[in-house]
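Enquirer: Submitted below is the structure of interest, expressed as structure tokens.
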């Protein structure tokens, strides 16, 4: 204990540096693992998207619920230091188990490159994830509170700065890992069969977690460690319970009122505990509106990424994939935290404005609300450019003439004339009940009726060729292609089957005068090869696509030239995205500024307003607001299906604005305290009392003198 005084650097306790490095490694490890999780579920364990997403969200929610457990262990049993060490060991084991679960060769006895018994892998990965959730959640509230503990009385300024640096470490860790881990995944590895390297990608986070643990233990000699003070949580619950019961017993008018409802616990509990619980309940009360902020904040990963998939990722000369937009948040944090800390706050203070913690948090909520207004404006811009897809009982039809004759097609209310190798201008929309007759004919041949039924809510392509042949193809695309990729399908006008290979994907056995299903490709120029027995050997069979951008769809018609060689005609089904992804930067900027003033301040406020024996409990309470925020998203997204996405954004913005006003009013009634001073006052009183007990005569004499 005495030693820790001498170790300092730049006015900070040296032990802080170990804690910050530890947090950096831990966050790198956690986010690196999380970035892969959804892909691991879908590609390796082969669950469908919905199950994968549900399990992923459950895991994230668990990671924010376990802090309560960690806080209890730390504050009442092991103390913060031992809790961090022991749960980090659990965490590391979890990471190792998870990476082992992704080794194909574990159960792949016939060496064909797919695991023979998936349940083994599923069981292992679930055990691994459970241990990780316990570890990451359990140490979360302890690490930040333990860092705060390292400061002396009177080092408030450095301590506030520490919480900012701490937050920076979190984001630097997450930023680097979201960039690096996906690079590891694309490496190939395996003993008997080469494939995507999940064991390496999960193994690096595991190794980093071990490093994080070692770094933390190395600083052991320098830390200020406080002894845990019995099972504090149980005491708190019992005391609150007793106060409510007692208040209820004395509810008649004959009993005098007491200043605070917790004062009803005076009969059984000492003043000090009661005043500590008052501090905690006052802060917890302020926490009630906060989950709404997190509900908006956590949509960056889901809704905003989906918004990016309907935008164009060409920013100047570089190309950005939609899921890379999330890194904008982490990059901005790393830039903004120092700016706010070193420039903005001092400026505001110079102007004589007292920018208290709760005022900062109110501003943070307001900024996040504005970010969603910005998102809604961008969404309206996108909606103007989006193609119209069929609703409920509508059907959309496009006619494509793949023959060598002029064709006329009569649809309800219009007749379309098509030259060879041409299509109607976009899709035509019909009510499924009114779609009675469609007839096709070519000059000098009888009229043929189209008898196929059309599926409602879907797009269809009617392929026609001479003299009156047709084929109805269900497109299967009733939204923009996912992840900003581009859909491509081929139509075969040869008589034999055709197979096409295009950058690793195969369009197998497309029959004569028919269309393949769509396959999806990221942006760029793609080469493809056409294979068919009907193509003479001297023909060129390698072709290139046009430059694919983002979110488009094309039909490539393969046509037989006079010499029997193939040539390809391109038809656009869905136009590429036109709204630039750079337009998302304002909303990310607003949300990040909101996060800096809200989140960093919240961590620091929770620490500074908590009594010494409940620091971790309040940190856990703070993290609980994040968990509740996640749950709100699941409920709102599940319950309210808006036909217009921008309306949902406006709803969220309005909700947060209302909550922000409520919070501002609540904050107005809050008075800041210094727990250390209050506790020192109790210490003083106790000293006096013990002196009185020992020497009643001396004390009474002293009193009589003061009275004279």
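Placement of Cβ uses the backbone N, Cα and C atoms for every residue, glycine included.
A TrEMBL annotation is a machine prediction, not a hand-curated record.
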Enquirer: Which residue range, 310-329, 330-349, 390-409, is the one TrEMBL calls transmembrane segment?
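Expert: When 310-329, 330-349, 390-409 are checked in TrEMBL, transmembrane segment belongs to 330-349.
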Enquirer: Among 596-616, 617-637, find the range that TrEMBL records as transmembrane segment.
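Expert: Here TrEMBL associates transmembrane segment with the stretch 617-637.
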Enquirer: Given the ranges 260-278, 279-297, 412-430, which one is assigned the annotation transmembrane segment in TrEMBL?
Expert: 279-297
Enquirer: Can you dig out which of the ranges 120-139, 140-159 TrEMBL describes as transmembrane segment?
Expert: 120-139
Enquirer: For the transmembrane segment (279-297), name the stretch out of 81-100, 330-349, 361-380, 617-637 with the most CB-CB pairs under 8 Å.
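Expert: Looking only at 81-100, 330-349, 361-380, 617-637, the most contacts with the transmembrane segment (279-297) come from 617-637.
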Enquirer: Name the range, of those listed as 54-74, 160-180, 617-637, that has the largest tally of Cβ pairs under 8 Å with the transmembrane segment (81-100).
Expert: 54-74
Enquirer: Which one, 160-180, 200-223, 330-349, 361-380, 617-637, has the most C-beta pairs under 8 Å toward the transmembrane segment (54-74)?
Expert: 617-637
Enquirer: Based on Cβ pairs under 8 Å, which of the stretches 200-223, 330-349, 361-380, 617-637 lies most in contact with the transmembrane segment (160-180)?
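Expert: Comparing 200-223, 330-349, 361-380, 617-637 against the transmembrane segment (160-180), the winner is 330-349.
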